[in-house]
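**Student:** Here's a structure for you.
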Amino acid sequence: MADSIHIDPVEPWATSSHNDTRAETESEKTVHLEQAPSTLPKLDDPPPDGGYGWVCVACNFFINGVFFETLSLIGASFAHQKYQIILAQGVCFGWGMGFLFVGSVGIIAQWFGKKRSVANSIAAAGSGAGGLLYSLVTQRIIDTLGLPWAFRILGICTFAVNLTASNLLRDRNKQTGSRHKAFDTKILRRPEFLLIQGWSWFSMLGYTILLFSLPAYARAIGLSAKQGSVLNAILNLGQMVGRPFIGLSSDRWGRLNNATFFTLLCGVVCFALWIPAEVVPSPMVLLSFFAVVGGALAGTFWTTIAPVAAEVLGLQDLPAGLSLTWVLMVPPTTCAEAIALELRRQDSDRWIYLPPQIFTSFMYIAAGVCIWLVRGWKVGELQWRDREMRERERKGRQQRIWTDDKTAAPVDGEKVAIQGEQCPDGDETEVNRDPRSMRRDIWRLRNLLKNMLTWKVV
């Protein structure tokens, strides 16, 4: 990579078998030349791959917000005007989610190496579990105690759980050498990071439309409001069950591989299962199946973003990269549902949601193409590193032979030493070229397409 050198320590958790679970990848051990030696991470202090990391997983599982979330829920219980609801549930709740989610989502990656994806996916499954439980319990509270007390009870529960989780979280910034720069715009110069932003944009456009349009779509095709809420609960169940599976398979087959495959698969599933639901004899059955499968696949971005960002940026730049990602995600998440509402066919009684459905499918396919391009870059980078390592080993062997020839001191030692000094080092290979030139070669269209189709666990 440009302006960077790579250090390859022997990781304690690495295995010799190619099929074993993957250890921390090479990109996570990339250090930049501009970095002072005192700021480099301790390479002999790898992630514990468990231990207190599982406490952080549990905390992330439950975190939704503390002060602002509690204030938003309690405040909404006393609201009597529309602007009060907007301030409580819109502004205040959004601040609470932002402060807590952004600050906590990158911590798990610091505690895990081989199990990074599955740990992150278990934490991400908390949103599915919370959505399932909240949707069922809240309706029961509303029916028995009324809406104001439902808000208050949820606020009290949110405060207790999130306060506990926030106090138990602990980062490893010192051990990983994280750079505490919230918005490092230098990262935006890296094409692979821009493609990750494309992946996030397209994924969020599809995810938001799918999540909020499914209950309304159910009512549009003749199902009841209760059936729509059941579908929403099933969708959250799919997220809760599917996300750990995606994380487990990511640790086995590669984070970028799985992010690419499952994102593309979600677009295909929307085409194959969501669109035909209007014409089948039992739409509730097909939509329930789609809610499970779609729920598992739709949140692939949330399951894999932290491990994928660690693969692409390294642990040092992970906090800055995630901060930029959350900020850049504001436009698609804000406008997605408005786009879906505008795309609806208002002048028809059938296929009202067909344009939003097609739009959602293509958004996931576009997101899959973006992360597929990142995978092609990563494969090319690893191939370059392999060649670089082999070249260093070859030169090391030649240097040892040259040193042995000089220290052997035979009868005609002077002649042997001269021969050793004049021994050719071999042809200059492409690994000796300027790193910037090598980076351009990796991004060359022909090489990129070839690497996209090359199988490698990345």
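A Cβ is built for glycine as well, from the same backbone N, Cα and C atoms used for every other residue.
The following feature annotations were taken from TrEMBL:
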- 1-45: region 'Disordered' (REGION)
- 19-32: compositional bias 'Basic and acidic residues' (COMPBIAS)
- 51-74: transmembrane segment (TRANSMEM)
- 86-112: transmembrane segment (TRANSMEM)
- 118-137: transmembrane segment (TRANSMEM)
- 149-169: transmembrane segment (TRANSMEM)
- 198-218: transmembrane segment (TRANSMEM)
- 259-277: transmembrane segment (TRANSMEM)
- 284-305: transmembrane segment (TRANSMEM)
- 358-377: transmembrane segment (TRANSMEM)
**Student:** Quick one: do the transmembrane segment (118-137) and the transmembrane segment (259-277) reach 3+ CB pairs under 8 Å, ignoring pairs fewer than 6 apart in sequence?
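**Tutor:** No, the transmembrane segment (118-137) does not contact the transmembrane segment (259-277).
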**Student:** May I ask for the residues of the chain that lie six or more residues beyond the transmembrane segment (198-218) and have a Cβ under 8 Å from a Cβ within it?
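**Tutor:** Same-chain residues near the transmembrane segment (198-218) but 6 or more away: 225, 227-229, 231-232, 235, 259, 263, 266-267, 270, 274, 283-284, 287, 291, 294, 298-301, 305, 325, 328-329, 331-333, 336-337, 339-340, 353, 356-357, 359-361, 363-364, 366-367, 370-371, 374.
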**Student:** Counting only residues 6 or more past its boundaries, what in the same chain has a CB within less than 8 Å of a CB in the transmembrane segment (259-277)?
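**Tutor:** Sequence-distant neighbours of the transmembrane segment (259-277): 199, 203, 206, 210, 221, 246, 250, 283, 286-287, 289-290, 293-294, 297-298, 300-301, 304, 308, 354, 357-358, 360-365, 367-369, 371-372, 375.
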